[in-house]
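Note sheet for the following structure.
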Amino acid sequence: WTSDTSFKTELLGLYGLLICYNSEDIRCKCICPPYRDVEGQIYKQNVSLKDCNCLHVVEPMPVDGKDVEAYCLRCECKYEERSSGTIKVTIIIYLSILGLLLLYMVYLTMVEPMLKRRLFGHSQLIQSDDDVVGDQQPFANAHNVLSRSHSRPNMLNKVEHAQQRWRRQVQEQRKSVFDRHVVLS
Amino acid sequence: MEEEDAAADPYLPYDGGGDTIPLQEIPRRGSNYAMSNGGGAASSTTHLLDFLEEPIPGVGTYDDFHTIDWVREKCKDRERHRKINSKKKESAWEFTKSLYDAWSGWLVVTLTGLASGALAGLIDIAADWMNDLKEGVCLSAMWFNHEQCCWTSNETTFAERDKCPQWKSWAELILGQAEGPGSYIMNYFMYIYWALSFAFLAVCLVKVFAPYACGSGIPEIKTILSGFIIRGYLGKWTLMIKTITLVLAVASGLSLGKEGPLVHVACCCGNIFSYLFPKYSKNEAKKREVLSAASAAGVSVAFGAPIGGVLFSLEEVSYYFPLKTLWRSFFAALVAAFVLRSINPFGNSRLVLFYVEYHTPWYLFELIPFILLGVFGGLWGAFFIRANIAWCRRRKSTRFGKYPVLEVILVAAITAVVAFPNPYTRQNTSELIKELFTDCGPLESSQLCQYRSQMNGSTAYTDNPNQPAEPGVYSAMWQLCLALIFKIIMTIFTFGLKVPSGLFIPSMAIGAIAGRIVGIAMEQLAYYHHDWFLFKEWCEVGADCITPGLYAMVGAAACLGGVTRMTVSLVVIVFELTGGLEYIVPLMAAVMTSKWVGDAFGREGIYEAHIRLNGYPFLDAKEEFTHTTLARDVMRPRNSDPPLAVLTQDDLTVEELQAVINETSYNGFPVIVSKESQRLVGFALRRDITIAIENARRKQEGIMLNSRVYFTQHAPTLPADSPRPLKLRSILDMSPFTVTDHTPMEIVVDIFRKLGLRQCLVTHNGNMLGIITKKNILEHLEELKQHTEPLATSWYYHKKRYPSSHGSDGRPRSRVHHVQLIRSFQDGWGGGGCSEEEEEEEEVCLLKGSNL
């Protein structure tokens, strides 16, 4: 157990730099079952590992001096630590990614089609859909492979291109999963 | 040499008739072949492809939904390795490069381990928090889940350990009261509301961003590891969406777990990191070694069982698993477990929530209930596979599958409505398993442990856990029974929903519930009938005799074993969960029984069943092939089919070649010497041909539609006015695998399995006769499974089926009927309607599967 704690403070993987240890993050928890007429109790103290035993943690002692030993024998004390900073950072990261994804999803499914319709009218939309579908020629594939390795457009074009490709991929995936039920059903 | 090769032309008129080769000509022909194959005697290496020429970008890659050729990939890797090794001594830079190359395998598994450990930590923490969000919030610190919220609170009592003033249930926040029917209804409503919104978000994200993120992923990963390509299945978006939606799906309370998807997440990490290293990004076979290691890391973090993870990778998912991969898997699992342990997501210094420690011994007579639990596990596994496959087939084939979002919402709503009233289904499944695994001691206050003596405040705790049951235990028992039925039904409908959904946790929960019920029953039996001869011998009155928690554990292992049909890895995983060597025998007995019972009802586990349902081209190495069919029975073209589409080595034009490609959908074409001599030269893949032609059009001057295409070392002699010929030798696979038509299928299937072939050419007397692809073999296996005829009649059987292909004397009839050249070229595509039978790949198989 000692080695555990020492390596833990040294190594906090991803979050190592973000977090400094909080004094709230260690506890010694003693669970004492019912004894004679004393009810079961849970004691928590913020003590170090070597002090984590019944005598240091159980305060006030519910029994008289001569029974302390018998009472303490039944108690189970466990030293535990957590990293509240890790939890906080993780939850914040998770929620921000989720939020961004939701925003992007709303944009993709609602705002963008609306904008497109307003800007280009209906015909354009249909045509761009056709573009995606009509890519079935045997040599078009080779064309794709080769053009991927040759064209070196500027940054903005690249992003645009990558986005288009991603979209086509997702559409393809959607078709195979939800419509044709070819994979993953 | 040049003269010799140019003299290949004089062979053309030779008819190549198999039986009539003039004997003296054989050696000459042989020498000629050696020269044209090896690319000259100077390079004595076993070049598969001609590396002397400038490589065409894109050649040697694969299309979506195609199978890789393991042999070709491995050869490619060896070639690359040889090149690096030979350059090593040239300069310090080259030496560094070779070192980097040698170490990149370890680097990539280290990175994979780090990433999958970190992601598992994120998923664990976020899923716990979101799960508790259904119940209430921590007012002092929003980001804490229920347990963490009350972590330092001193107000928790022995009886109600999870109550503290910082944690507010929704009823307390909204209505201001914690007790009473009003608050119950409020909590109920909020529970359903959150469950539905989580499920809805999950399925929407999956649908919009990454449809491949749904499901458990293990069947697909098995297929991918066996050599299938599913583009985007292990990509960045799949990784992100799977991670995010997995948390939502687990938190929505659906009957699913995060263990299977974690394997998928780890494999995504492996795939993404392998792009950093050219050794792995450019070679599909090498990439699969990384993926094997990654799946070990995934299980390692899912169960906190590094060794179990390695064995899982070996037993369940991997197809090709050399020792080097074993060590790398071991290392990846170690790194991943280490990272997760340092994140410490559960605050218990363990990698899983339901880690337990027992120290009580077990007795011999307890093997009977353990084996009974094994029988239950096997029955449950068989039932689950049947029911789930039937339901998934329905989803796949009927209109019902058109509404994935609605289906998820519906299942989530039913789950939430039914789950809330029962405390055992309301809580997180991992927590339920933890509670069921935990043995009743003096320190426990759960309902399951309410034995009489503990409740009486007057009597002190005696050291005897085998107590008469108290009403608390009885009510817990029927609640558990209801929970069992509920879990069984819901899991069938949940697995296969379009959200990330694993199977391990629900299966384990079902087994743990059943096991705990059996355990408590045994305990009570031992208490009330301690004078039975069984109990008299082992359980003295007042002695610690039966451990219900152990029964729960054995039951969990048995049920998981029944569903997945894993054995060794499962026992090791459960052993690593408990850390007790003494329970290996009960676990082994239960898992083995469950496998036997399950296999009696159907040999395949849930993953194989899903692979078969989806029609993935997966050749299971575990099944034995016992039929006596021959290669010519499986080979294409069949008798009724149009002849094989072949290319000749030097008398096609670009236009004709393009026409062949446009007219057919086959993925590869055998190349033969000439129409007359149908001797095999090599094999060219469709994708490579298309890329090479397109490349030549762009880069090489003078390639016209009527340019001659040649696969030989030297250009054929052409008329002076003809355009520049196109050399395609670099894309020709000159060592395709061939078998003769009389090779038994047992051997062919073995070759396919062990070498991971994609196709195999069939020759007769050295002449091209047909082709066997992986898909043909799968179809053949399926066909044999449909009507398993007695082995003895097999010969008669195929004789009857192909009466016209063999004469009465057993000799094959003339080869010309099998292989015909594409006549239509000469007819100016007049007979364009004739489509040549040749290799059609998995895509067709997949499409066929969708019509089921």
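Heads up, the Cβ atoms here are built off N, Cα and C, so glycines get one too.
Computed from a predicted structure; not experimentally measured.
Record features (TrEMBL):
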DOMAIN    B:635-701  domain 'CBS'
DOMAIN    B:732-789  domain 'CBS'
TRANSMEM  B:103-123  transmembrane segment
TRANSMEM  B:191-213  transmembrane segment
TRANSMEM  B:233-254  transmembrane segment
TRANSMEM  B:261-278  transmembrane segment
TRANSMEM  B:290-314  transmembrane segment
TRANSMEM  B:363-385  transmembrane segment
TRANSMEM  B:405-424  transmembrane segment
TRANSMEM  B:476-497  transmembrane segment
TRANSMEM  B:509-530  transmembrane segment
TRANSMEM  B:550-575  transmembrane segment
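Through the fold, the transmembrane segment (B:509-530) approaches residues 366, 369, 372-373, 376-377, 380, 424, 429, 432-433, 436-437, 448, 466-469, 473, 477, 480-481, 483-484, 487-488, 491, 536, 539-541, 545-560 of its own chain, all at least 6 residues removed from its boundaries and within a Cβ separation under 8 Å. Mean pLDDT of the predicted structure over the domain 'CBS' (B:732-789): 84. A contact links the transmembrane segment (B:550-575) to the transmembrane segment (B:290-314), because at least 3 Cβ pairs that are 6 or more residues apart lie under 8 A. Touching of the transmembrane segment (B:233-254) and the transmembrane segment (B:405-424) is concluded from the presence of at least three CB pairs under 8 A, sequence neighbours closer than 6 excluded.
The stretches the transmembrane segment (B:261-278) and the transmembrane segment (B:103-123) are in mutual contact, each linked to the other by at least three Cβ pairs under 8 Å (pairs 6 or more apart in sequence).
Across B:103-123, B:191-213, B:290-314, B:363-385, the stretch most heavily in contact with the transmembrane segment (B:405-424), judged by Cβ pairs under 8 Å, is B:191-213. Residues 488, 491-492, 507, 510-511, 514-515, 518-519, 522, 534, 538-539, 545-546, 551, 554-555, 557-565, 585-586, 589-602, 604-606, 609 of the same chain, all 6+ positions outside the transmembrane segment (B:363-385), place their C-beta atoms under 8 angstroms from a C-beta of that stretch.
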